[in-house]
Amino acid sequence: MGSFTAPRYMKISNTPNTSSTITGFILLGFPFSREGQILLFLLFSVVYLLTLMGNGSIICAVYWDQRLHTPMYIFLANFSFLEIWYVTSTVPNMLANFLSDTKVISFSGCFLQFYFFFSLGSTECFFLAIMAFDRYLAICQPLRYPTIMTGHLCTNLVVSCWILGFLWFPAPVIVISQMSFCGSRIIDHFLCDPGPLLALTCARVPVMDFFWMILSSLLLFIPFLCIMGSYTLVLRAVLRVPSAAGQRKAFSTCGSHLAVVSLFYGSVMVMYLSPTTEHESGMQKLVTLFYSVGTPLINPVIYSLRNKDMKHALQKFLGI
């Protein structure tokens, strides 16, 4: 473990300070030796570039290939665009943190990251739900699908996901930012997460904890129930298909999305809905790292490998 000292201009005390007197927080991140920090910087730089390239390639493939101008791929392109911003809300600051001696993030920077990270995560939940709904319509209502999933409805669904995602968490973010903070200002995480932030407040506010739990639970379970409902109906419809080839074709159109849903929701639910203790900060970092950095990297691979049309469009776009 490398030694860690707080910057001189950050006041370390046990006295209450309002948000107006706080100069910043210390993101402890991954406190390895200097050499370890440099290795992590190189590793996550490569991961970040690959994530941008993978998701950017999907966006370009959908844009340039006229055959992919359908609701399914429009949703996927928006999802890839979202993933780029989702990983950008954490990784650039994390990279700077690896090379920093002070590891300080400003008060406003911390809460901006808090807001955008959770807003983009909320938007991802809604996109996963409408993508499942789209697959339900395509498989269970194939004849009516073109008249139901029109361009107008597709646009409305996309816009609604972005608006709902960014309107879900501003209230708690603003309330937490107005609380008084005491102690060392050290956040044992690589991003500004509500758990460590609330732990630094001078007095725990049970109402705020309860409010955050309710918002997080509703955000996770409402889209998740929609996804499970859609795929239950899809499964019932597919099992009625007489031919095995028809069943495989139907399952292949859903397999990629189900894999992404499993990776994202599995890790997020472990993080925010399971009991945690002070001794689990390392595990919390790893789980958060997986769904905030790992899944945006893996998703383009899942969608391109399991989808023939996307694979062909990417090969054409990349000139392979």
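Using N, Cα and C of the backbone, Cβ positions are placed for all residues, glycine too.
If you check TrEMBL, you get these features:
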type	residues	note
TRANSMEM	38-64	transmembrane segment
DOMAIN	54-303	domain 'G-protein coupled receptors family 1 profile'
TRANSMEM	71-91	transmembrane segment
TRANSMEM	111-133	transmembrane segment
TRANSMEM	153-171	transmembrane segment
TRANSMEM	210-234	transmembrane segment
TRANSMEM	255-274	transmembrane segment
TRANSMEM	286-305	transmembrane segment
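Only sequence-distant pairs (6 or more apart) were considered; of these, fewer than three Cβ pairs between the transmembrane segment (255-274) and the transmembrane segment (153-171) are under 8 A, so the stretches are not in contact. Cβ atoms under 8 Å from those of the transmembrane segment (153-171) belong to residues 71, 74-75, 78, 115, 118-127, 130, 215, 219 of the same chain, restricted to positions at least 6 beyond its ends.
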